[in-house]
Amino acid sequence: MSSALAYMLLVLSISLLNGQSPPGKPEIHKCRSPDKETFTCWWNPGSDGGLPTNYSLTYSKEGEKNTYECPDYKTSGPNSCFFSKQYTSIWKIYIITVNATNEMGSSTSDPLYVDVTYIVEPEPPRNLTLEVKQLKDKKTYLWVKWLPPTITDVKTGWFTMEYEIRLKSEEADEWEIHFTGHQTQFKVFDLYPGQKYLVQTRCKPDHGYWSRWGQEKSIEIPNDFTLKDTTVWIIVAVLSAVICLIMVWAVALKGYSMMTCIFPPVPGPKIKGFDTHLLEKGKSEELLSALGCQDFPPTSDCEDLLVEFLEVDDNEDERLMPSHSKEYPGQGVKPTHLDPDSDSGHGSYDSHSLLSEKCEEPQAYPPAFHIPEITEKPENPEANIPPTPNPQNNTPNCHTDTSKSTTWPLPPGQHTRRSPYHSIADVCKLAGSPGDTLDSFLDKAEENVLKLSEDAGEEEVAVQEGAKSFPSDKQNTSWPPLQEKGPIVYAKPPDYVEIHKVNKDGVLSLLPKQRENHQTENPGVPETSKEYAKVSGVTDNNILVLVPDSRAQNTALLEESAKKVPPSLEQNQSEKDLASFTATSSNCRLQLGRLDYLDPTCFMHSFH
């Protein structure tokens, strides 16, 4: 027994003296899976003890008692073990150990617990691309692009990859690392022009390890950034040169026309009769006169110069035809009644200057001027005013007593109540005819006058003065001397009268219409049957159309009263105007039946 123990100690001492020992303890370096389907484990062997040593990898799965040896020691290289899909399971924990054995003994590494899900280390990104670009502000940058690893399934979402890039200039020692997240492209700014840069990329899954750095690529940043396609600049330059040549040629040939088109001349005044000197001097009144514009009429404060309207009784039974017609209408023709409420231009009455303007200028008048019947009685009618012939002007005044009056212009205090019709502007239009009408007298009385009413009798009085003819070339011819013993009446009353003028007080002065044979009726002895006329209308030639009244009453009394009127004393020129103005409305009225009529010849003499 003691001899056997001594033998063993002798052998051991001899082995130690020769340098042989059991193998050292191996160490598992790492286990990695590129795609969660396969994985590989690497280890570092210990000392071999001077003897040949065998290494083996054994594993077991958690929850299982069986131990398995590595299926493939060659695929991944020496000191490694490759697990194919057949031997790889996810959501399982592997317990892995490495054993070393030689003639002197054996040794075992520490166990390593591996979960395939957390040991993924993908391949580096592929297809790395570098490009230098320029922004609109001429600032350059480096554009880096790459693709995910080929083995990993990124499109289906089996992996979620994150990326990093690193770059440095060729002369630098340290790398500049940029994390890009899940993007596969990145822009690097603030690069130094004229230097060469080195770029690399890598990736890692959401749970795992960073891949190794990929292939290294380099690029040089140019000093002056220029476009690669220089043909674009060449084309632009050629087109610009052609356009410039065309413009120079056009200006050389048609320089004046082009300058006129670009800078047109200032047009001058094209108004006929327009005086530029008046415009430059700034005299607006002379300029308006040159253009034919009327200046503003002067204002007048004399209210008594305006005549409100003319009122003449209208015969509702009979009507004469216009002056150009020589026949009277038939019995079936009815007179046209006027609407008493129609507007007659009352605004003309309110104008202070309309009367003078319209009485001075000849104007075109309406074909007819109808005047409605006014039957309102004055408050203070004048009566029994004897005629006062003026020897200087040979102007008679007639008077007839009546209970009704027709509105005529009076002084401001003697105006009677008037109907709100008939503006004086319309009356002045009738009075604005040329002066050559002074040569006209009473036209030939129409033979086919409507029959007078038998009830009117044959004793109507004509309180009218005969008028002698005026020369056509003189307007201001005096009237013949008047007879002082009584009024002179016509053998046959006149049918037409013509407006002579309108005096400053707005009173109409009438003349008898001249006959066709240029002869006037001479005054003669009144016949047994007399007729008085009333205004029926106004023709185109401003002639009043008169119609005899068939309802004249009490003509005998009127004739007697007219004959008994004594002549008044001689008046001077200023008193004559006032007397003719105030006494016209009462002295020239005749009451025939229940209507009033005016004697045109009386006004003709009084306002001449």
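Cβ coordinates come from backbone N, Cα and C, glycine included.
If you look up Swiss-Prot, you'll see Asp206, His207 marked as Zn(2+) binding site, on the strength of similarity to another entry. Around Asp206 (Zn(2+) binding site), the same-chain residues six or more apart in sequence whose CB sits under 8 Å from its CB are Phe159, Thr160, Glu162, listed in sequence order.
Annotated compositional bias 'Basic and acidic residues' per Swiss-Prot: 318-327, in sequence order.
As annotated by Swiss-Prot, compositional bias 'Low complexity' applies to 345-354.
Taken from Swiss-Prot, the feature compositional bias 'Polar residues' covers 398-408.
In sequence order, Phe39, Thr40, Cys41, Trp42, Tyr94, Ile96, Leu112, Val114, Ile119 constitute the residues six or more apart from Cys31 (disulfide bond) in its chain with CB-CB distances below 8 Å. The disulfide bond annotation in Swiss-Prot covers Cys31-Cys41 (among others).
In the three-state DSSP scheme, Cys81 (disulfide bond) falls into the strand class. Cys81 (disulfide bond) has a Cβ environment of 27 other Cβ atoms inside 10 Å. Annotation source Swiss-Prot lists disulfide bond at Cys70-Cys81 (among others), citing similarity to another entry.
What Swiss-Prot lists as N-linked glycosylation site is Asn54 (among others). There are 11 other CB atoms within 10 A of the CB of Asn54 (N-linked glycosylation site), with all protein chains counted.
The N-linked glycosylation site annotation in Swiss-Prot covers Asn99 (among others) and is backed by sequence analysis. Other Cβ atoms within 10 Å of the Cβ of Asn99 (N-linked glycosylation site), summed over all protein chains shown, number 16.
Packing around Asn127 (N-linked glycosylation site) is summarised by its Cβ count: 13 other Cβ atoms lie within 10 angstroms of its Cβ, all protein chains included. If you look up Swiss-Prot, you'll see Asn127 (among others) marked as N-linked glycosylation site, on the strength of sequence analysis.
Residues or ranges marked as signal peptide by Swiss-Prot: 1-19.
When pLDDT values are averaged over the topological domain 'Extracellular' (20-229), the model yields 88. The annotation topological domain 'Extracellular' is assigned in Swiss-Prot to 20-229.
Positions annotated as topological domain 'Cytoplasmic' by Swiss-Prot, on the basis of similarity to another entry: 254-608.
Annotation source Swiss-Prot lists transmembrane segment at 230-253, citing similarity to another entry. Counting residues 6+ beyond its ends, the transmembrane segment (230-253) has no Cβ neighbours under 8 Å in the same chain.
For the pair Asn99 (N-linked glycosylation site) and Asn54 (N-linked glycosylation site), the Cα-Cα distance reads 8 Å. Across the structure, His207 (Zn(2+) binding site) and Cys81 (disulfide bond) are spaced 22 Å apart at their Cα atoms. According to DSSP, His207 (Zn(2+) binding site) is assigned to coil rather than to any helix or strand.
Cβ neighbour count within 10 Å across all protein chains ranks Cys41 highest among the disulfide-bonded residues Cys41, Cys70.
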